[in-house]
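Report on the structure given below.
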């Protein structure tokens, strides 16, 4: 018979603290969160609208960018509303089912994003190393299958985590020192043997970050080798220029992810609020910055966005005349 001090997950209500130690700055911290959330919605919707309405952009690279924008939007909607509620009103209460759902979607979308970034690296590899076979390798069917694989991979890898947590008992605090239901933050509140949760969480992270980074690095090694074999300096610059946006997005996405991962696993003396800030940087910055990078560095998207704004200004001036 279960001890009265032990609470089953089904009847639990958790409380998200926000950022412990920085409670007095919650209102101020909500300003950049709100700006980043707005930038994420506006930027990614703009990218999706531009690519959807411009037939010339219906190419593999831009279709993968649509996948990235869709995943970024979904991940933002999974985190930002509750985060702002915590920072603005201290509304940190969250039911167990909602907590598990948020945990699943946040981590699953992050895994999907990593898979899409890997697919984009493969796209650049084919475009530069096998340009004559580009359209035959990356057909619409293959692109659709890659999108399905990204969804299934993220969902399947994350699916066991909520079930592993449901078997645990929570006999101590139900206060989660975090801004969202992060997997290990919830596991640390549980009583009993949490080794299966810790091992699976580490394994899933290594399978995604480790494997994807290795494959992306291999793709760019092969790209660099092919580019260096080109005789023309102009051709080398043009080939590398097509990879610029993707390289920037990889750095924006993986740098905070790796910092968060290593400080969480090995930075035992790092203050808790630093862990949480890094985790939020990992979730908030890439979705907001990715569309800006592609909007600035990709000529076709930039010209399309500028033309839309120019048409809007022209229409406004005519209305005033």
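Just so it is clear, glycine is given a Cβ too, placed from its N, Cα and C backbone atoms.
So that you can see what the record holds, here are the features copied from TrEMBL:
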type: TRANSMEM; residues: 25-50; note: transmembrane segment
type: DOMAIN; residues: 43-294; note: domain 'G-protein coupled receptors family 1 profile'
type: TRANSMEM; residues: 62-88; note: transmembrane segment
type: TRANSMEM; residues: 100-122; note: transmembrane segment
type: TRANSMEM; residues: 142-165; note: transmembrane segment
type: TRANSMEM; residues: 204-228; note: transmembrane segment
type: TRANSMEM; residues: 240-262; note: transmembrane segment
type: TRANSMEM; residues: 274-294; note: transmembrane segment
At a threshold of under 8 Å on Cβ distances, which of 25-50, 100-122, 142-165 pairs most often with the transmembrane segment (62-88)?
25-50
Given the transmembrane segment (25-50), which of the listed stretches 142-165, 204-228, 274-294 has the most Cβ pairs that are under 8 Å apart from it?
274-294
Cβ under 8 Å to the transmembrane segment (274-294), counting only same-chain residues 6 or more beyond its ends: which ones?
19-20, 33, 36-37, 39-40, 43-44, 46-47, 65, 68-69, 72-73, 75-76, 79-80, 83, 106, 110, 113, 177-180, 182, 245, 248-249, 252-253, 256-257, 259-260, 263-264, 267, 301
Counting Cβ pairs under 8 Å to the transmembrane segment (204-228), which of 100-122, 142-165, 240-262 comes out on top?
100-122
